[in-house]
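Encoded as C-alpha cells, the structure appears first; notes follow it.
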C-alpha cells in the first residue's frame, strides 16, 4: 500500500472533491437523457438518470461539453492524431470512447485521477466490456487495482499534487514528451492551492515542448454570485483552494508566467454565443427556460482557457472558437 502523502489538505476535503466527480457525471447523464448531446457510454458509468436538473444546469453542461470538444477536436486535426491526450482529474469522463467511435483517436489517451475514482472507473469498464463484445478489440491490461493500460488507452491512479509520483507513473506507461500532447482539466486546478497548480502547469510547459492545455473552471468569483457559489461548496466541506486565480479572465494569464507561449480565455457566456447556431437552437427547444438571467449569471462564472507551446510549428496558436 502506498504511503500517505503529507499534504495539508484534509481527508474530508479530498473526499468532498472526489464527490464532485459524481455531481458532474450525474448532470451529464441527465442532460444526455434529455437529448442535449449524444453519449453512448455515460450510461455504463452512471447507472441511474437521477433527479431532474434545472434547464440552466443542462444548458451549462451542454456549453461545457461542446466547448471542450471543439477545442479537443481542433487539436487532433492540427496534429493529424499523431499526438497524446492527458485528461487530468478525468473522473468518469467518456471522451476517449467518443474519439474511438468517431475514429479520431490520438496515439494514446491517458486519464489521471484519485486512485479511489480510478478503481471505480476500471470496475465500470470491465462491465462495459462484458456488455459490448465489439470493444474486446481494445486490448486492456489491468496492472493493478488502480491502473489500466492498453496500446491506446491508459488510466492512472495518482494525486496531481504529487508531481514526482505523477511523472514516474506517466513514464511507466510510456508517455512520450516529444509527441504533441494535449492536457485537459475540468474543474480540477481550482481544488488545488495556487502553488500546487502553478507547479503542475510549469511542469507541463517544461516537459512537453509541443503542447496545449485546456482548462475549464470558475471565473469572476469576487462578485456576489461567485461568493454564493463558494459558500455553497463550503457547506459541503468542499474548499476552492485555488480560487484566488479565478478572479477574472486576466488571471488566466498565469500560463504566460509559467513558460507558455500564448493563452486565451473566454467566459462560457461568450463560448455559448459562438457555438453552432443550428444546434443551440435545437437544444433550446428541449426545455422551457424561465430563469434566463440565472443562466447568464451561471455562464459568466465559468470559463475555458487554452494555452499553447508549439516547438513543432503546427499552428496550435490558431486553435480557438
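Along the chain as shown, the residues are counted starting at 1.
Quick reminder: no glycine exception, Cβ is built from N, Cα and C everywhere.
The S-adenosyl-L-methionine binding site annotation in TrEMBL covers 64, 89, 159, 160, 186. Counting only same-chain residues six or more apart in sequence, the Cβ atoms lying under 8 angstroms from the Cβ of residue 186 (S-adenosyl-L-methionine binding site) belong to 24, 64, 68, 89, 93, 215, 216, 217.
Less than 8 angstroms from the CB of residue 160 (S-adenosyl-L-methionine binding site) sit 88, 89, 112, 166, 188, 192, 196, 200, each of them six or more residues away in the same chain.
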